[in-house]
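Here is the structure we will look at.
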Amino acid sequence: MTLLHEECGVVGVSFKEESQAALTLYYALYALQHRGQESAGITVHDGMQLWTLKDMGMVPDVFNRRDIQRLKGHTGIGHVRYSTTGGSKIENCQPLHVSSKSGTIAIAHNGNLVNSKELRCELEREGRIFLSESDTEVIAHLLVKELMHYDLEDAIQELIRRLIGSYSLVVLVDDKLIVIRDPLGIKPMCLGRIENGFVVASESVAIDILNGELIRDIAPGEVLIFSNGTYESRQLVKSKNYAHCVFEYIYFARPDSIIDGELVYNVRMRIGQTLSEEHPVKADIVSPVPDSGITYAIGFSKKSGIDYMEGLMKNRYIGRTFIMPGQDMRETAVRLKLNTIKPNIEGKSIVLVDDSIVRGTTSRRIIDLMRKSGTKEVHMRVASPPIISPCYLGIDMATREELVAAHKAVKGVEAVINADSLGYLSIEGLVRSIGIPYDDLCVGCLTGVYPVEIPGERCAKRQLKLSEFDEPVKKELRSLGSSKFNEPIKIENLKR
Ligand code: AMP
């Protein structure tokens, strides 16, 4: 199966008429920059039509003050996108627009559909033309199609019936902002109050930066419809269990975000402490791989009583190594990114803590670097269990062939990365540290058992099927009456 990963950050704002959405979205995207550095985009509705500005690059590269001033409107959505192999193109930048006889919508998506190929073939057979490779365009076409037959709420419900995978979506239909979180709650999404309106975002840090107040997480299967700074909520689907992504806690989210009720920093501290209990070792100092290992190393130091001291310094002016395509680039990037603080590590036994080992390249490079600087022993401690299976649901990880732990036992990985000892967190330790029941987490990358059906992989539980939708809820939605979507809207793209 070819994978087009969609590892992203999304945001939406709805103000009362007089406020400017674009500036708010711009600040929020800054807070979500860690979720995607490849491209950024904003779409606003000015009361008449949609306006979009998007481009390749980081938030400050894509927008300037003049652009933001020109993007007038009190409702809007924004998106940052992560770099992915094969998908690094301007056409895949979001928000995406899709037009039809019934109008134009704009959509931004965090997540990954596993049935997008089938859906796309079906839509292409009906004569729909796709401009990008992304599954987001599939969602947009489906929604536009359903809107030709149903009112807004029913169209959204029909859409959810068809999608399998992870999706936190923000959509503009006219001046309405629609927010949808998949029934398993795989990707995060939260709601906050800001002066004069509301904001929804992948992570609560986006609300913090706006001086807003986090209200709550969007519930899995919930849909919110915002209009002029007020909103209505619909619980369209209720699953027995959820499948929150553990990798958000391990690596992806910012530690100052609250995700599904848990502060990521606290989770990481607990993981560090658990790691020290599970894999004790005698050493002189505990040192993190910056920045991803820092909170874990502090937790490890606290629990073990071994001094915390930095042995590596990060050059902050370089992007994450993972985003560079091709192996050579990645290795060069590691060398550019990290340097040792020699006197802190020379002649010492060190507990080196990082969040995860994916291919093993980074750990090997870092340990070699430390040995060159005179480190006596390097005991690697990893804040996640071994990653043995690819992610199909939105984390850009690697193929199974590339995952070092997919083919080697712990001793084998220890040899590959050239460590004196290697200890991974257990799955039980991870689940306990996160504080969410095992059955409500997606641990596909750690077990090879996924929460949705993926061809060739094992499945633990399935997303709700058509027959399992709640009829009474649907009836209630029908009684709400139709939306004003059928009025056509004009669209202008400001893309440079
Ligand atoms: P590797 O060299 O492939 O073993 O990379 C492992 C390093 O990449 C760890 O230090 C992680 O902090 C980082 N990492 C893990 N998962 C991701 C991801 N999805 N995107 C970017 N970096 C990652």
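Each residue, glycine too, has its Cβ placed from N, Cα and C.
Annotations in TrEMBL come from automatic prediction, not curation.
These come from TrEMBL:
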- Cys8: active site, nucleophile (ACT_SITE)
- Cys245, Cys391, Cys442, Cys445: [4Fe-4S] cluster binding site (BINDING)
- Ser292, Asp354, Asp355: Mg(2+) binding site (BINDING)
- 8-229: domain 'Glutamine amidotransferase type-2' (DOMAIN)
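This view paints the features noted in TrEMBL onto the structure.
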| residue | record | DSSP (3 states) |
| --- | --- | --- |
| Cys8 | active site, nucleophile | strand |
| Cys245 | [4Fe-4S] cluster binding site | strand |
| Ser292 | Mg(2+) binding site | coil |
| Asp354 | Mg(2+) binding site | strand |
| Cys391 | [4Fe-4S] cluster binding site | coil |
| Cys442 | [4Fe-4S] cluster binding site | strand |
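Within the same chain, the residues at least 6 positions away from Cys445 ([4Fe-4S] cluster binding site) whose Cβ sits under 8 Å from its Cβ are Val246, Phe247, Ile387, Ile388, Ser389, Pro390, Cys391, Ile395, Met397, listed in sequence order. Comparing the Cα of Cys245 ([4Fe-4S] cluster binding site) with the Cα of every entry in Ser292, Asp354, Asp355, these being the binding-site residues, the smallest distance points to Asp355. In sequence order, Leu184, Ile186, Ala243, His244, Cys245, Val246, Leu393, Tyr450, Pro451 make up the list of same-chain residues 6 or more apart from Cys442 ([4Fe-4S] cluster binding site) whose Cβ falls under 8 Å from its Cβ. Its Cβ placed at the centre, Cys391 ([4Fe-4S] cluster binding site) has 21 other Cβ atoms within 10 Å. Spacing of Asp354 (Mg(2+) binding site) relative to Cys8 (active site, nucleophile) is 22 Å (Cα to Cα, whole number). Spacing of the residue listed as 'active site, nucleophile' relative to Ser292 (Mg(2+) binding site) is 18 Å (Cα to Cα, whole number). Long-range neighbours of Ser292 (Mg(2+) binding site) (same chain, six or more residues apart, CB within less than 8 Å of its CB): Tyr251, Asp354, Asp355, Ser356. For the [4Fe-4S] cluster site, the Cβ centre of Cys245, Cys391, Cys442, Cys445 serves as reference, and the other residues of the chain with Cβ at most 8 Å from it are Ile186, Val246, Phe247, Leu393, Gly394, Ile395, Val443, Gly444. A Cβ distance below 6 Å to any atom of ligand 1 is met, among the binding-site residues Cys245, Ser292, Asp354, Asp355, Cys442, Cys445, by Ser292, Asp354, Asp355. Same-chain residues with CB within 8 A of the center of the Ser292, Asp354, Asp355 CB atoms, the Mg(2+) site residues themselves not counted, are Ile250, Tyr251, Pro288, Val289, Gly293, Tyr296, Val353, Ser356, Val382, Ala383.
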